[in-house]
Amino acid sequence: MHFHERFDVIVVGGGHAGTEAALASARMGSKTLLLTHNIDTLGQMSCNPAIGGIGKGHLVKEIDALGGAMAVATDHAGIQFRTLNSSKGPAVRATRAQADRALYRAKIQQILQNQPNLRLFQQAVDDLIVGNDRVIGVVTQMGLAFEAPAIVLTAGTFLSGKIHIGLENYSGGRAGDPPSISLADRLRELPIRVGRLKTGTPPRIDANTINFDLMTEQKGDDPLPVMSFIGDVKDHPKQISCFITHTNERTHDIIRGGLDRSPMYSGVIEGIGPRYCPSIEDKINRFADKSSHQIFIEPEGLNTNEIYPNGISTSLPFDVQLNLVRSIQGMENAEIIRPGYAIEYDYFDPRDLKNSLETKAISGLFFAGQINGTTGYEEAGAQGLLAGMNASLQVQGKEAWCPRRDEAYLGVLVDDLSTLGTKEPYRMFTSRAEYRLLLREDNADLRLTEKGRELGLVDDDRWAKFNAKREAIELELQRLRSQWIHPNSPLVDALNPHLNTPITREATFEELLRRPELDYPKLMSVEGFGPAIEDQRAAEQVQIQVKYSGYIQRQQDEIDKAIRHEKTGLPQDLDYQEVPGLSNEVIAKLNDHKPDTVGQASRISGITPAAISILLVHLKKRGLLRKSA
């Protein structure tokens, strides 16, 4: 049975990747269908109730700069906001928000329901329709076929999902939801490498049974940060505190005593878990010398008693979970509302994807989110936006687009995945970006919004606000560069008390701002140097661009040099066995990864600069040197 309408793009899955994919495609004018097994769970935060953090917050800002929904929803749902690394340089500062699950889900659903060109339909997908190595459509659980020339698959942890609590296990996509078995079996028939990964979640605790007086209170920042570039503090709901407590030696003894019934330590779970979000069992095992581990007690919302104890993700049996929770200070009488569990699921090797996130094997089929081996809402949302955008571009007969590593953390994410692949759930960090001084949270809009507008992702309201901010920055920078102060100027008497060394030569206002003892607000507070621009984000940008201009230019020079190699394309049918001088190890790795460009090849582990030089010489001799599209 065929559905009575055809679509341009079909998105399968309504999590963070799926919602951003569907919204991106629809914003670009493509007739889009979002298929989900349950419309009520669209935008569900399946694990921790938080958005942002180191590296992750950068991705959220980039999603926002390209017109996405995640930051906007966070501003309307965030019940505690903090800027991490606030005492460090701007490159590693990151915004993190504790979110009310219900408010976040409601805002995402509101955005979806009001998006032109987007249809929602509740049905699980069981099969793909493929012909001549091209996707044609999907078939749902009830045998209903939907047709579209582009499909974005965002199945999360649902593909052959198996939930583990102790030595007991059962099939599930997440607690309370069925897995996608038929779809997983169908995907395993495709010529794409498949593996198993694992993630986990902690038990949820009843707040009424916690003694918060025995814990350390952690308040949000004041003034409150805002996640979206078009957001406002007025969007935020009521703000509340989180709390901090710790495990202890008794906790660790309880965990060690239960390891014989742990699915991870008894060989029941095959999948590899996230290195940077380990279970409490892993922490006790890997860091045996530590006598305690920090636990963040995070509220799940304003109108619920559920608490998320961040730091004790576990799949131990329920009796062990209860004992370990009650061994922790402040939770001696705690009651568990939902047990913690581990979930094992299929993922597909992202090296089998183009950097547009289209599969190399099946035209028109795009993968985004945990299906590509990543972990985290932010990583999923960023991939979803890119996949939905490129699906729409393909349908429109336009060229695919993906930012370079020097343009966005999204570019770093996709390049890492498609070039290097991953054997464990991939999480974004600022340390993964070699050009992180340019890839800051604060300038994500300046880096990406103009491109987003060109692609059709950015609406008129966001575009107008962006242009006003950009113009304010440029005008203020011009003013600071063009205004001078002389040693004999009457302004000097007001300025010198703020300086470590008095002015002895004439200088521009820009040169004054470069002094370490001055910041933009302080300089503008001195009589004769104002007025300051009113937009605080624009003012922050002025200060950063002035103070870091030398470092920024140096990094830009490095990028220009790297781009020359980055754009040198490699033929997909190139037989590396025929390249004289390459070692067997290098040949094997190049044949395995099949990089699209010399830049990608250079980032494969074990590929030396000498090997790249040999490759370039071979390409030149054979007349195969070409620039990538």
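The first residue you see is number 1, and the count goes up from there.
Just so you know, glycine gets a Cβ as well, placed from its N, Cα and C.
Going through Val72, Val92, Val125 against Swiss-Prot, the one listed in the FAD site together with Gly13, Gly14, Gly15, His16, Ala17, Gly18, Ser180, Gln370 turns out to be Val125. According to its DSSP assignment, Gly13 (FAD binding site) is coil.
With the fewest other C-beta atoms within 10 Å around its C-beta, Gly273 stands out among the binding-site residues Gly13, Gly15, Gly273. If you take the Cα of Cys277 (NAD(+) binding site) and the Cα of Gln370 (FAD binding site), they are about 15 angstrom apart, rounded to a whole number. Take Gly13, Gly14, Gly15, His16, Ala17, Gly18, Val125, Ser180, Gln370, the residues named in the record as contacts for FAD: the widest Cα to Cα gap among them comes to 18 Å. Calculated from their C-alpha atoms, the gap between Gln370 (FAD binding site) and Phe287 (NAD(+) binding site) amounts to 27 Å.
Sequence-distant contacts of Asn285 (NAD(+) binding site), defined as residues of its own chain at least six apart whose C-beta falls under 8 angstroms from its C-beta, comprise Leu259, Tyr265.
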